[in-house]
Structures are given as C-alpha cells and as structure tokens.
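What TrEMBL lists as transmembrane segment is B:12-35, B:42-62, B:107-127, B:149-174, B:241-265, B:339-361, B:373-392, B:428-448, B:460-480, B:509-527, B:588-619, B:631-650 (among others).
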Amino acid sequence: MTELKGGALLEARQVVVRFGGLEAVGGLDMAVARGAIHGLIGPNGAGKTTVLNVLTGFIRPTAGRLVFDGEEIGGLNVNGFARRGLARTFQNIRLFGAMTVLESVLVGAHQRFSASAPALIFGGRAARTAERAMIARAHELLDFVGLRHDIADRVATTLSYGHQRRVEIARALMSSPKLLLLDEPLAGMNAVEKQEIAELVRQVRAQGIAVLLIEHDMQIVRSLCDHLTVLEYGKLLADGAPERVLSDPAVQAAYLGRAR
Amino acid sequence: MDYFGQLLANGLVLGAIYALTAVAFTLVYGVVRLVNFAFGELFMLGAFLTTSLMLPEVRLFGTVVPMPGFPLPIAALGAIVITGVIGVVVDRIAYRPLRNAPRLAPLITSIAVSVVLQSLAQTAWGAEELRFPQFYLATLPPVVLFDSIYLSVMDLVVMATAIVAMLGLSLFIARSSLGRAMRASAEDQTAAMLVGIPVNRVVAAAFAIGSGFAALAGLLYAQTYGFAHSSMGFLPGLKALTAAVLGGIGSIPGAALGGLILGLVEALGAGYLPNGTAWKDAISFVLLVGLLYLRPQGLLGRPELNSAGRGSLLGGASEAGAFWLRAVFARVDALLARFAAAGAPAALGLLAIAIVVGTLVPSDYWLRILTMVVIYGMLASGLNVIVGFAGLLDLGFVAFWAVGSYLTSILFVLVLKESYGVAPQEVWWLLYLNLPLGGLLAAGLAVLLGTPTLRLRGDYLAIMTLGFGEIVRVVAINWMDLTRGPMGIRGIPAPNLFGISLGSPRAQFFFALALAAVVVFAVARLVRSYVGRAWVAIREDEEAAEAMGVPTARYKLYAYAASGFVGGFVGVFYAHSQQYISPLNFSLFENILLLMLVVLGGLGTFIGPFVGALIWIVFLQLALDLPFVQAYPETRFALLGVVLIVLMVFRPQGLAASARVGLTMPGARAKEAA
Ligand SMILES: Nc1ncnc2c1ncn2[C@@H]1O[C@H](COP(=O)(O)OP(=O)(O)OP(=O)(O)O)[C@@H](O)[C@H]1O
Ligand SMILES: [Mg+2]
C-alpha cells in the first residue's frame, strides 16, 4: 500500500483474521487519519465488522500489528483499547438492559471516575463532584445526539430503534475518544434520520474526533467520507478519496456482482 | 498390592455409579443446556423406590403400607420407570416454560426442584435410613481375585450393569431415530425444530432416560452401601456432576471416563492420603476446581459450552400468568416503584418502622425470629451484590459467612478464653474490631476464590463456586485443631458494649438492625456510583461493558470482595448472636436458601433480600402452627421450593423487582434537576 503520511491516528498492518478454515481478513493494511471521517465499505460478508472488531480489540488478529496514536496496542485487553481512546457502537445495538439512558451513557465515562470505595461509601466531596460533572456532560451529549432531556430516565432498551442508536453513540462519545467507530449506524433508518445522523457525524469530526464508519448507502458515503477503504472477501479492494474509489471499475463490479 | 487392589476394586464400583449418574447430567445438558441439579434427588428416589418395592411393608407418612416384596430386578425396573416418569413430569412443569428464559432461571429452578424432592422424600420416608433388604445375590460368597481382592457378586453386577447400560445408551443414540433426533437437537435446537424434529418430545426422552440412569445409579448405590436416605443423593449428585464436567459435559464417553476417574481418585485418595477418608469429599472438589480452572471444557468436551447468554440473570424471561395475578402485581409494583424512587427517605421510614416494631413486640420469641429475619436479610444482601448486581451466580457464598463466624469464635473462645484465660467481658471491644476484620478476611478470601473463576460464566461458574463452598465446609469439619470440627464451638459470648451485655433478644434485634443499616447504606453507596453501573453493565453485557472501558475482571473481583465483606461482617455478629456455631450452619443448603431469598424478593434491589427473608422466616414460624406441618416439618422447604418454581415461571424477576435501584448518586441528581 502507499506510504502513510506521518501521524496517522490508527494504523493496521498486515492484519489477518482466520475463523477456522475461513480467512475473514487477509493481510489488510489501512490507516485512519486524524480528524477524518473514514468510510469502510464492501459487500455483505466482506469482513467489515471483523475489521472493526480487530480495531477495537474484540478479536485478536491471527497476525498483524496495530498502532494507535503512535503506540503499539495489539496486546491490550478490550478495555485497554477503550482507555486509549477507541470507542465503538455495534451493528446490532448493544445497550445495557435494565439501565436508564442516563446510566447507560454514564458507563461510557467509566474511565474518568477514580473515587475509592471508602470515598464512595463515606461520601467524599471529590466523588460527588466527579459524578455531578459527568452527569452534566451526559446531558450535553444527549443533547448533542439529538435526544430530549425527558428521555434520560427511561430504560434505554424500551426506546425506539433510532433513539437507541443515538444513545449508543452518546455512550461511546462519553469516553471522549480520539476515534469513534460506528458499525452501520444508519441501517434501518429513513432518509430524514439518515441525514440527521450524517450531520451528527460531521459535528463529531468538527470536535476533532476521527470517525470510522461502516455504511452501505453510497450516496451518504460519497457525501460524508473524507477517505474510503473498500473490502472484498477480506482483502483490500481499493483505498483512497471517495470520488476516485467509487468510480473504480473493480469496486463497481464488486457491488453490482454481489447485489444482483 | 493387596491393599491397592482392594482400593482399585472399590474405586471401580464407585466409578460405575458416578458414571451412570454423570450420564444423566450429560445427556440432558447436551440436549437442553441445563444443569439439572435435581438428578441427585432422582438418584435418591431410585434408591428409595427400589428398597420399598423389595420390602414386604414400608412406613410411609408414618403409617405402615404393605409393599409387594419384589425381587431386586423387578423392583429396580419399577423404580427406574417411575423415576423416569417423575423426571419427565418435572421437565414439563418446571423447565419447559423456561426454555427461552435466560440460562440461570432454569438453573435456579432445578435447585428448587431438588429442594422440593428432597423434603418430600423426607416427609414420606422419614428422617431415618431405610435399610436395603437382604436378597439372594447379596448372600453369595465374594469372588476372590489374585488371592487377595475380595469382590462381592453384587460389585460385579454393579460394574456389569453400568457397562451394559452405557453401551446400550450409546448404541441407542447412534442407531435409533430418537437417538439421532437427540443428537440433532444437541447440535442446534432451532435447526432441529425447522427440519421437523419434535424437540419437546426429544427433550422429554432425554429427561426420561437421564432420570432412569440416575435411578439406576441410586439403587446400585443403596445396594452397595446398604441403605436409602432422603439426603443420600446430594453428595453423589454433586460428584456425578463433577464427573460429567470432568469428562466434558455433553459427552457420554466423557461422562463414563469422568465417573471412572473420579471413583478411582476418590478410592485411592481415601486409602493413601493421611486421614484420607475424612478428606475424600474434598478431593473431588479440588479436582473439579482445578479442572475448571485449567480446562473448563473438560477432558472430552467443547469449549463453547462455557458461556452464558447476554442479558440479565432473570430479566427478559417471559412473564406469563393469569390476568388477575398481573393486576395484583401491577398494584404492588406501582407502590414499590414509588417507594424505590423516594430513595433515602423511604429507607429511613422503613428503619423507623422496624424500630417501632422492635420496641413494641412483647415476646422474646418473636424478637428472636425478627432478628433472624434481619440477619438473613443482610446475608442475602451480600449475596445480592454478586448475584443480583454483577450477575455472577455464586453458590459458595456461605464460605464468607463461615469465615467471619469462625474468626470471632476462634479468637474469643479458643484463643483468649481457653488458651489465655481471658474472660470475654474484659475484651468486649474485640467484637467491634472483629466485625470489619471478619469482613476484610472474607473479602480477601472472596478475591482469592474469585480470581480463578474469572474466565468462567454461567453454569460453570455456579459449579466452581459450589466446589469452593464445599471445600471450605469440608475443611471446617476436618481441621479439628482450628475449628473443633463437627462438634462446633460453644460458649461464644453475646455482644457486649462497655461491659453491658446486649444478650437480651431485644438488644440483639436492635444490634442486628444497626448492622443492617450499615450494610444497606454501604452497599447502596457503592451501587449508586460508577462501581454499581460497572457491575450492572457487566451483568447485562460483559463485552459491551469492556468496550466502554470497564476492566470487567477487576470489577468482578470488586463484586466478590464487597459480597465477601458483607458475608464476613454479618458472620461475626451471627456467631455472637447464636453463641454456638458448627459446620452445619454453613452448608450448601444455607447458600441455596439465601439464593432463594434473593430471587424471591428480587435480584438487584436493596429491599428484595429483606422482603425474601421476612416472607420466608415468618412463614416458617406461622407454618409451625399448621397441624400438617407439625407432623411433617420438612414440607415447609418443599413449599418454599414450589413457591420459587411458580415464581420462576410466572414472575422470574422476583416479588419486589419493581423497586428498581437508581445507579446514580442521589445528591448529584438532585442538583442537576434544579
Ligand atoms: N465469529 C465468527 N466465526 C466464524 N466466522 C465469522 C465470525 N464472524 C464473522 N465470520 C465470517 O467472516 C466473514 C466476514 O464477516 P463480517 O461480519 O465481518 O462481514 P461484514 O462485512 O461486516 O458483513 P455485513 O455487511 O453483513 O455486516 C463472514 O463470512 C462471516 O460469516
Ligand atoms: Mg457487519
């Protein structure tokens, strides 16, 4: 692949993932630049979710290296990835059942709390201040993702699908990540909602947070992304600026060939 | 060599019996992924039924009932068939409605079934052993092998029966159409259903066969050891489960192998280790714990079985039930929800009510009972931290309770009073030191025991913690110098404050109440913070929690520690309030009882454990006035089991579940609303 410009936020080198006999990702190189919206596209089953799982530590790759913000992160636990500044959502929404929206979002801020057990039990001042600050921040973020305040005390899993997606994004943002990884956040939404979420993603970028986005809607991808990586059968098919990549005949063939 | 040969022979007989029972666990687990704890009790029923059918008459419910006096083979066949039918009925009533519920709901139900069957058996056959009758084969002279190993003819029959039964089952599963259907359902139930396999019937068949095997093992056991007893199925059941896990649960050859290994290890261990017979029960559990740690899938098993579905322990289970029932609960729920939303004022209100009750109740008898309610409520609260909030089923919690109790008892009685002649009144303050000390010691133990379980989930976690609890109990029984063994420790002083004895029932009640306030306050403070949010997140979706930056392993250990602390803390007071403790106080049954109380009241609520304890202990006393219960006290436990099964089917989240606990700091919220 092409030489990376110095200072990519996240670099994956020669990543291989095998599930038994199936090679879901085969020697993938990719780099996500700081502050960019990076699209990861490809036909169904191309290995996009698998790549996202590798980039967030959910799957230990069979081979390959991961460098995030100048640091080797391949050996970390999943929570270590999160602590370094990688936050994600899931293709199938995974909110915590039985928790309210506010509580769920606060879990995203877990790493920002540090009060000891005695401080919590005996009501330390610092513990209360931290809690208050995080609750305020959670409300800001609920605002930011376009949810009304009165939703904060509802049990998250009882919300509508679209609202659950937004809660999931707020929860991920709550950790103040450097890179937000979204697995098909627009799936199952109508055109208006899609535009809203796309706008939300732009605002995230405006805050200096890079976004890795898996998406099937080429219209949106074209207008939203700064950079595209295309996968097919776990291999890199194309990589570069959206216009150029999307007009690549190989990419078009991959989509047409699969879609029919 | 003679000695070794004899041990080998004993081990083979025992192994055959374990293997047969292990097959029951493995067969049902393979098809429905359920650890049916009740197989130990079906084992016991097999023994009782066979014995009864062979006798000319039996005392049932206190009256002499004539029996057919069949020869062994016919009696055995009858017992196996009846037990098989019972197994199918149990599945139909207690497990089938929970087929799609989270995994732990049927697990808890199976524990409840076990309690029901055991107490019913004790009610029917009484608390005494029923001697296995003499019969022709048993009177034959033993066979002598290599001039030195004596094997009775029945020993040979046991081994032969086990081999034939297992080969027959393997053949049946490989060849018959029902067997093929079983294998298909074991692979993938949905797929099996889609291709038209009647899954319910297949499951029923697995239960019938499994129960039959358990009954066969039970009757062979009764024959070998010469008696039947209502609690005889408990330990062999656990060991057979161990054998099944050892071999790799779900695999029939694995069960055979596991049973054989366990039987041999136990027999040889009992024979060669110093004081081996006393420790032989610990041997199997140490083996179990070690194995689960190193290779949870067992020798021949598959790793993916070590998993629990995502989601709450019990929540999400279907809420069936008649309309009026739901209407009643809707009222209660609304009330509870309002109560829980009120937070601290509501809790203080409850405390005030408890104080008023404690002041006004005139009878010492009832004060003692209320003290027990508070103690069990506190213990259940401790268990609730790990089970209700963090979602980890812990069957070894009693160990923490025991640690606190023994710590203070050993210090006060064995060390100070008996070794140094210090009167307890002189060191009354030590109790107040021991409370946190017992808590810390138990918390340390909890972390120690919790660490190896971190990789385990669901059923395997339950089994491993159960193994730990049993090991601690066996140690308490056998480490005579430290614990006085089964005799227990007497003369533990009543609580005392500045030389004033707090031994009166009323003083004890208020003492317990004060501790309960401390426990609930501390637990609530932890739960209503980022720690509690991390616990609940782990319970609901461990992977997602991890992805949000929660170091889940560490927070599980915190949950163990918090739960252990409460156990140890309360244990210290428990010893002083009872003034006598023995290993019997800390049996697995107590753990199961505590679990039932939490489930009854509502997992993951602050009030649930106390609701459960209040209902149970007050019921226990009121029931004593019923003539039926006076005649058969054991039926109370059966009733608790039945209530729990009904609850699991109709309202799995517990009675007080709607007293939902907020997970944010109360003060922090109040400000933000302004
Ligand atoms: N845990 C797993 N075990 C075995 N195979 C897997 C596993 N996860 C994914 N696969 C396989 O790897 C391949 C890539 O799957 P992946 O989910 O990454 O695709 P995707 O690009 O995200 O597809 P979609 O657009 O449908 O979400 C598929 O063939 C899938 O069946
Ligand atoms: Mg995907």
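Count begins at 1; order follows the chain as displayed.
Positions of Cβ are set from backbone N, Cα and C atoms, glycine also.
The highest tally of CB pairs under 8 A with the transmembrane segment (B:107-127), across B:42-62, B:149-174, B:373-392, B:631-650, is held by B:631-650. Same-chain neighbours of the transmembrane segment (B:149-174): 2, 5-6, 8-9, 12-13, 16-17, 19-20, 23, 27, 137-138, 140, 142-143, 180, 182-183, 209, 213, 216, 220, 223-224, 252-253, 256, counting only residues six or more beyond its ends whose CB sits under 8 Å from a CB of the stretch. Proximity of the transmembrane segment (B:460-480) to the transmembrane segment (B:241-265) is established through 3 or more Cβ-Cβ distances under 8 Å for residue pairs spaced 6 or more apart. The stretch with the most CB contacts under 8 Å to the transmembrane segment (B:509-527), chosen from B:12-35, B:339-361, B:373-392, B:428-448, B:631-650, is B:373-392.
Long-range neighbours of the transmembrane segment (B:428-448) within the same chain, counting only residues 6 or more positions beyond its ends whose Cβ lies under 8 Å from a Cβ of the stretch, are 399-401, 403-405, 407-408, 411-412, 416, 493, 495-499, 515, 557, 560-569, 571-573, 576. Contact count against the transmembrane segment (B:241-265) (Cβ pairs under 8 Å) is highest for B:12-35, out of B:12-35, B:42-62, B:373-392. Beyond the ends of the transmembrane segment (B:373-392), by six or more residues, the same chain brings 312-313, 354, 400-401, 453, 461, 509, 512-513, 515-516, 519-520, 523, 526-527, 532, 535-536, 538-540, 555-556, 559-560, 562-567, 570, 573-574, 577, 591, 594-595, 597-598, 601-606, 608-610, 612-614, 616-618 to within a C-beta distance below 8 angstroms of the stretch.
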